[in-house]
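Contents: one structure, followed by commentary.
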């Protein structure tokens, strides 16, 4: 990597920084930068500061999420409140404003499809005008809207939420799961992202972590995390491929594992290819068949579509282990002739035919990744499968045909990523000392130069963290400011790539064009997020450049979302407190009434009536429980319990005295009998 960098620097250095390209002389009004000599500086900084407390590893998935922590040298996947090791990445808002996360949200999706958000990870860090987003708007029942900054947000009951907020609500559930297990606050986290996520998507994921109250120590790539889970206890040196086909994204990474060093050689993928697309393809097939048989079009009925969507997902999963499944949805819809039921058989071969194009889309990225890593399939010692979709036999066969070997099933495809994130958390905390992770940036990073050309500063598959600099000059006489547009992608023209942000450097002393020397430095951190600084070499004065990104969340946005998340957390705490108090009160009422019936002969009638009045008051309080605090309900329940205990204490004393009287009376009679016998 170093030698390649030096070679690139040697080729580029030599054009005098004071010269301006001829093209600059023919473009009046150009306020950007001329393309001048390069100076590259490479930096690798893998050390981390000591972290206090546990670091949780979170796989924030498109369909499901998972959380793990290190216990000694082993990572442990944690069960949520429902007893499951994975949590659906689903968030819903009910009509009364209640927020549901995970399985409770997924269960009510059929009756509340317009306000139940799923697969929002596909929207994170994306613009509303992105073709993929526009495609998604036609496939989901909830509203995807254009935010004021042009990003894609979602809407429920008239309120707008950023995808980062929805992700934060899922992360809060993961955080709560970890805290319930640890018994204390979980503050630090490592969160995973698809390897092919760009800078905006990575930053938006970090924002989600911040909104949820987590300190995100590192954002790492999902295939890399899975490789850590696979190779932590392996001593053999080898090159492996990680084929990760999850709910919403596809990644392929080629890694070399050597004596505890996990070096990513290349990565590739598709951030809009996953299980959701397989579900959607099957849904379209079912809807088409239903219309052919009944003449009824289901596309306008969101509730019916949600039922079909859930049935499609279930059928997809069943066909991984069965060769045929039945899809039965009674009373799916109705027309003038009456109710309509959906009954159809689906074979594995039929399903494979429906999704064959989706599976084929994973082949080209795999071939490109091997080409970039300069390895052939014979060099790869193991192929690891990650993501729920890799359970599909046709996917496994495709992988085997592609790499010439049967894929390994050494890791759990649903849990490996979270386990790897926890291991990386252990590395950062200093608990795991024999592992070094060298990841790469998935996409080239550069700037727009004269004529709209995309000039690459950092090439794709460069090991991160890395730091590179380039010297620029002005393109016009007397120019006092320059505009720098930072882009990410592989196209030759800047306009065809993803615009990450633009910077304006002001305060340049007026001088003839080509004279000022402005050194712009791009610093790509271990999270794959870029930071930029600039220095006027003539004056030695360093300027701070703030990204004027056209999208993304501002600092104020994030602070407001943090407050909203805290508000929801407080509401959740109050709700939980109220539910626990209601359960306690209902238990006390039940126990009191049972004991009153059991001891009715021993209890004074007037005291019983008083207690019955207390129970009636308690029931009245429970009838308006939604407007009462948990503390009020708990206090009232405690008062009822104290009153009942006093009454039952009287009953016990009465019963005890009666038993004693009965016992002494029996003893006296026995003595008289013995006396008579002796006489």
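Placed from the backbone N, Cα and C atoms, the Cβ positions cover glycine too.
What Swiss-Prot records for this protein:
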REGION    1-432  region 'Interaction with NFS1'
BINDING   63, 64, 313, 316, 320, 388, 391  ADP binding site
REGION    63-431  region 'Nucleotide-binding domain (NBD)'
MOD_RES   135  N6-succinyllysine
MOD_RES   206  N6-succinyllysine
MOD_RES   206  N6-acetyllysine
MOD_RES   206  N6-malonyllysine
MOD_RES   234  N6-acetyllysine
MOD_RES   300  N6-succinyllysine
MOD_RES   360  N6-succinyllysine
MOD_RES   394  N6-succinyllysine
MOD_RES   408  phosphoserine
REGION    432-679  region 'Interaction with FXN and ISCU'
MOD_RES   513  omega-N-methylarginine
MOD_RES   567  N6-succinyllysine
MOD_RES   612  N6-acetyllysine
REGION    656-679  region 'Disordered'
COMPBIAS  669-679  compositional bias 'Basic and acidic residues'
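Overlay of Swiss-Prot annotations on the structure.
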residue	record	Cβ contacts under 8 Å, 6 or more apart
63	ADP binding site	88, 89, 118, 119, 246, 247, 248, 274, 275, 276, 388
64	ADP binding site	86, 87, 88, 89, 247, 388, 414
135	N6-succinyllysine	272
206	N6-succinyllysine	191, 216, 219, 527, 529
234	N6-acetyllysine	257
391	ADP binding site	317, 320, 413
394	N6-succinyllysine	352, 355, 356, 359
612	N6-acetyllysine	596
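Apart from the site residues 63, 64, 313, 316, 320, 388, 391, the chain places the Cβ of 247, 275, 317, 389 no farther than 8 Å from the centroid of the site's Cβ atoms, the recorded ADP location. Of 300, 360, 513, 567, all annotated as modified residues, the residue with the shortest Cα distance to residue 316 (ADP binding site) is 360. Taking CA atoms as the reference points, residue 567 (N6-succinyllysine) and residue 408 (phosphoserine) are 45 Å apart.
In this view, residue 388 (ADP binding site) is surrounded by 21 other Cβ atoms within 10 Å of its Cβ, with every protein chain counted.
Between the recorded positions 316, 360, 316 has the most other Cβ atoms inside 10 Å of its own Cβ, all protein chains included. Note on proximity: of the recorded positions 300, 313, 360, 408, the one nearest residue 513 (omega-N-methylarginine) is 360, by Cα distance. Recorded residues residue 300 (N6-succinyllysine) and residue 313 (ADP binding site) have their alpha carbons 20 Å apart, per Cα-Cα distance.
Other Cβ atoms within 10 Å of the Cβ of residue 313 (ADP binding site) number 18 in total over all chains. Looking at residue 360 (N6-succinyllysine) and residue 313 (ADP binding site), their Cα atoms lie 20 Å from each other.
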